[in-house]
Amino acid sequence: MRLPTLMPSLGLMTCTLVLMLPLLASCHPARTSGQPSLVFMEQFSRPRLGFNWRNITCPLCKAVFTILDIALLSDTNEERVARAVGEACIRLHLADELVCREITELFRDDFIRALQESLLWPSEACALLVGPSCGKFDIYAPWNITLPKVPKPPVAPPSPPKPGSPQSRILFLTDIHWDKEYEAGSAADCKDPLCCRKDSGSPSWRRREAGYWGTYSKCDLPLRTVENLLENAARTGPWDWVYWTGDIPAHNVWSQTRKQQLSELTVISRLIHKHLGPNVTVYPAVGNHESTPVNSFPPPFVHGNRSSAWLYNTMAEEWSAWLPEQALITLRYGGFYTVEIQPGLRVVSLNMNFCARENFWLMVNSTDPANQLQWLVHVLQASEDKGEKVHIIGHIPPGLCLGSWSWNYYHIVSRYESTITGQFFGHTHLDEFQMFYDEMTLTRPLGVAFIAPSATTYVNLNPGYRVYYVDGNYKGSSHLVLDHETYILNLTKANHSPGAPFNPEPNPKWTLLYRATEAYGLSSLFPSDFNGLIRTFINDDRVFQKFWYFRHKGHVSEPCKETCKTTVLCFLRSGRYDELEQCDLLNGFGGNLVKAARKTLC
């Protein structure tokens, strides 16, 4: 069927672009104003390309997607659809013309193929984009994993280890975001989604130029800062092992290639191996920025050039010094694996891209992609049978996942609460956590998802990394997290030497920002401690403002008050996505909290 009117249709261009916009989202830590009217932008909103899809009417949306569905039945219209997206991006001034052209070209083939293979009806697409008043989004309908019919063992509340018991010291790295094009002295506030780059232009005044070691702006890290972090981490070892939860490339998502992504994966993996040494095992997880297009992670049933084999195979090669062959098999299959760290303790590395709304391949099938959660159940049951404890690592926190995926994960954590003794994530670039409670009453705390701060400065942050102290390697160890520390590079000091303010420190010092038990007056970091800490945040604003300062790695300009504080507390309590929705409704946010929280998927 020929559609000669396809190109002139601004509605088609707009709605096609609308569907792609969430895929291009960038992580942007919160602004710090205390004004309630700005709360959602303050807390969760990340800068997009600037288009507000909620202005699209329901009838227009459905009409345009009907045209789009018909158009994509013919391969000859793919080029027209792609050009329409680029034109809409330019006409709506969503980005520079070059960025619009490049991002459209980068996404077009994979996105259109996923759209063609999906069962997405116009009413479903518009329900996602406009809201539930415009239809029902059945493509992400509820689904359930199957738990074994083995009764859940009695739960014994955790108890602190005996004084003098061994502890494991774990280095945690996440969200490195190395920018090969970073250039000191370039503009720190440019028109593109990422600045401080060779093509960002010159700053209009000196205070807005890119610093030598990094910049408080929408900028990522130069390689020298990544190396300096690793050199510092090596000096402050030894480390029992390392968790590394992904996001290696920068946020220049409009101009990335597979060759570039693989090169950066190789460089950073080898730098970590070089600086931390051959005797330290690193357990990595896959971030959403590792692929190109960003967030594009086809399930394993997608074969050929559009599969993720190009990425997973290189990961297996680069990480083979750290992971055994059995782990590399599942890594090549779906980007996840499990390894015994030591007798009595196992790690599971999940590919959290299979839970992400921005992964457009889930339009084809979002029901337990790659059977990853069912595999997780099998691993946890085997560990329970053997008396093993399990740590879970991943990139995107489960409370920010698709509703059904998040519900099933929460259900698994509830069932295996005595086996899962640590959950470690990154992705938001902020220092925070999310709680898990018993499913019957949602009042008894049973788990904590630790969300560690990023290495990158993106946006307006100091570089940082995390250290976890875990009950150590001895018979009967709980392997629970006992404490953690956050280290930062203070850019204000690092970029300006004493007595020579326009010269950077040649050997900048990474400093301890805080140790959790000391900062909050806690004896341990068990789930009950964090639940009590949330109550303290509610009753003692001084402690909450301290958390707010730490959450931004020591670089925050204004306190978080009133509605801002309520949204943060909602987030901390919501290890499950529908809990975030419920908190939204109970506090009268009318769905805005949930919409804003979705934008945290960096």
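Indices start at 1 and increase along the chain as displayed.
Using the three backbone atoms N, Cα and C, a Cβ is placed for every residue, glycine included.
All annotation found in TrEMBL is predicted automatically rather than curated by experts.
Record features, source TrEMBL:
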BINDING   D175, H177, D247, H429  Zn(2+) 1 binding site
BINDING   D247, N288, H395, H427  Zn(2+) 2 binding site
DISULFID  C58-C134  disulfide bond
DISULFID  C61-C126  disulfide bond
DISULFID  C89-C100  disulfide bond
DISULFID  C190-C195  disulfide bond
DISULFID  C196-C219  disulfide bond
DISULFID  C355-C401  disulfide bond
DISULFID  C560-C564  disulfide bond
DOMAIN    54-138  domain 'Saposin B-type'
SIGNAL    1-27  signal peptide
### Message
What are the sequence-distant neighbours of H177 (Zn(2+) 1 binding site), meaning same chain, six or more residues apart, C-beta distance under 8 angstroms?
### Response
D220, L221, D247, I248, P249, A250, H251, H289, S454, A455, T456, Y458
### Query
Here are the disulfide-bonded residues: C58, C126. Which has the lowest count of other Cβ atoms within 10 Å?
C58
### Message
Using other CB atoms within 10 angstroms as the count, which residue among the disulfide-bonded residues C190, C195, C560 scores least?
### Response
C190
### Task
State the mean pLDDT for the domain 'Saposin B-type' (54-138).
68
### Query
Around C355 (disulfide bond), how many other C-beta atoms are within 10 angstroms of its C-beta?
30
### Message
Taking the Cβ of each of the binding-site residues and counting other Cβ atoms inside 10 Å, which one has the highest number: D175, D247?
### Response
D247
### Entry from the disulfide-bonded residues list C61, C134, C196, C401, C564 having the most other CB atoms no farther than 10 A
C196
### Query
When you measure from the Cβ of C100 (disulfide bond), how many other Cβ atoms are you left with inside 10 Å?
23
### Message
Tell me the Cα distance separating D175 (Zn(2+) 1 binding site) from H427 (Zn(2+) 2 binding site), rounded to the nearest angstrom.
### Response
6
### Message
Please identify which of H395, H429 has the densest Cβ environment, defined as other Cβ atoms within 10 Å, among these binding-site residues.
### Response
H429
### Between D175 (Zn(2+) 1 binding site) and H395 (Zn(2+) 2 binding site): CA-CA distance (Å)
9
